[in-house]
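K.L.:
Pasting a structure below so you can have a look.
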Amino acid sequence: MKLSNIPQRYVIVFLTFLSTSVCYIERVGFSIAYTVAADAAGINQSSKGTILSTFFIGYACSQVPGGWAAQKIGGRKVLLMSFILWSSTCFLVPLDPNRVGLLVFARLLVGVAQGFIFPSIHTVLAQWVPPHERSRLVSITTSGMYLGAALGMWLLPALVEFRGPESVFIAEALAGVVWSLLWIRYATDPPRSEHPKAAAAGFGGALLPTNVNHNHRVTHIPWKKIMLSLPVWAIVVNNFTFHYALYVLMNWLPTYFELGLKVSLQGMDSSKMVPYLNMFVFSIVGGFIADYLITKRILSVTRTRKFLNTVGFLVASAALMALPQFRTSNGVILCSSVALGFLALGRAGFAVNHMDIAPRYAGIVMGVSNTAGTLAGIIGVDLTGKLLEASKLIYSDLSHPESWRIVFFIPGLLCIFSTVVFLLFSTGERIFD
């Protein structure tokens, strides 16, 4: 099938959108399937937190190497290799909560493989997406995360109920294989001669990996300048906070429904996917608002990023801290939808900022900041398990609202802190040539 009537950059954006969707179906799917299997096996909350956080250890280890590999080898190739590796692992490794060593190894391997994905995607998008479309097209790509999470929350509990937890792994592996075949068939690198002004604009074939066969100089990566840059650290801090909140909700909301509210996920209707659908919508809306404000010259790039980041994170903070007050499934869905939706809106601030300040090194900067986001997953998911175990000693079980208060207050306070950091130190200007 030919897609010659569609500009290739839109094909690339659609395929990267699908890739983020599939990845988050996998992450939500493991949380759901493992929670069911672990509860049936009598695994305690602290041990569950350890297993759920193992993915992020592998994920953290490969973020910066992923950016480096995408810079040197090419994001298109690295993205494909990542999908093949994690899909194969899902297909081959059984889900058995009692085989802890095997499960830890598998989650580490999946984490390492998926750690290459977002640096590769940002490298690919930096090559294909022109600056005036940057906010909305990057937002469309990343919105796939939330659509994938929504689909996972909607479809996978039923799959677990009728076919068992193991069936989730098979379905995820098949989805990864299908995406890989689409990527092989339709993804390309931008021709070097296609965009003569691309280097000046900050995108295009000029940002492809270089080698001696093309007579281009080898790109020097300014590691020291990147690591000492305050605008980079503003992105890093906000990435940490965003993912702390997201991963705590993604990994522990199933437990909050099951043990905090005594509501079965399998018994809930499609409303359980609403928080992630809200993220999907708000992520796209945020991208379009950002591009509108910038292209109409209503606000500068810097002020646009700061405005959307501030609104998103402050509203999310209020919703997160209010969440444990809600004692019905509909109330929790409403509150988590507001929190996740506005966090996604905030991504039009910090998450696109990599390409503003460093289009040539977007994959590298993304790798650095996503390492922080991954550390948030390791810390937040594991810490939540330990906090809940401690709460059980005080309140006897997890149905008491006070058992969960600190769990949601921590990301709420982090959102306020990150907002201040981004307002003080971020910029929308290009600072890396």
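Backbone N, Cα and C atoms are what each Cβ position is placed from, and that goes for glycine too.
All TrEMBL annotations are machine predictions without curation.
According to TrEMBL, the record shows the following:
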- 6-25: transmembrane segment (TRANSMEM)
- 12-430: domain 'Major facilitator superfamily (MFS) profile' (DOMAIN)
- 78-95: transmembrane segment (TRANSMEM)
- 101-125: transmembrane segment (TRANSMEM)
- 137-156: transmembrane segment (TRANSMEM)
- 168-187: transmembrane segment (TRANSMEM)
- 230-253: transmembrane segment (TRANSMEM)
- 273-295: transmembrane segment (TRANSMEM)
- 307-325: transmembrane segment (TRANSMEM)
- 331-350: transmembrane segment (TRANSMEM)
- 362-383: transmembrane segment (TRANSMEM)
- 403-425: transmembrane segment (TRANSMEM)
K.L.:
Residues sitting near the transmembrane segment (101-125): Cβ under 8 Å, six or more positions beyond its termini, same chain?
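P.N.:
Distant Cβ neighbours of the transmembrane segment (101-125) are 12-13, 16, 19-20, 23, 26, 30, 51, 54-67, 69-71, 74-76, 78-79, 81-83, 85-86, 89-90, 93-95, 137-138, 141, 207, 354-355, 362-364, 366-367, 370, 374.
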K.L.:
Would you kindly list the residues that approach the transmembrane segment (307-325) from elsewhere in its chain, counting only those six or more residues past its ends and only Cβ-Cβ distances under 8 Å?
P.N.:
238, 241, 245, 282, 286, 289-290, 293, 299, 332, 335-336, 338-340, 342-350, 401-402, 404-405, 407-409, 411-413, 415-416, 418-419, 422-423, 426
K.L.:
The transmembrane segment (6-25) and the transmembrane segment (331-350): do they have three or more Cβ pairs under 8 Å, with pairs 6 or more apart in sequence?
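P.N.:
Touching, no - the transmembrane segment (331-350) and the transmembrane segment (6-25) miss the threshold of 3 or more Cβ pairs under 8 Å.
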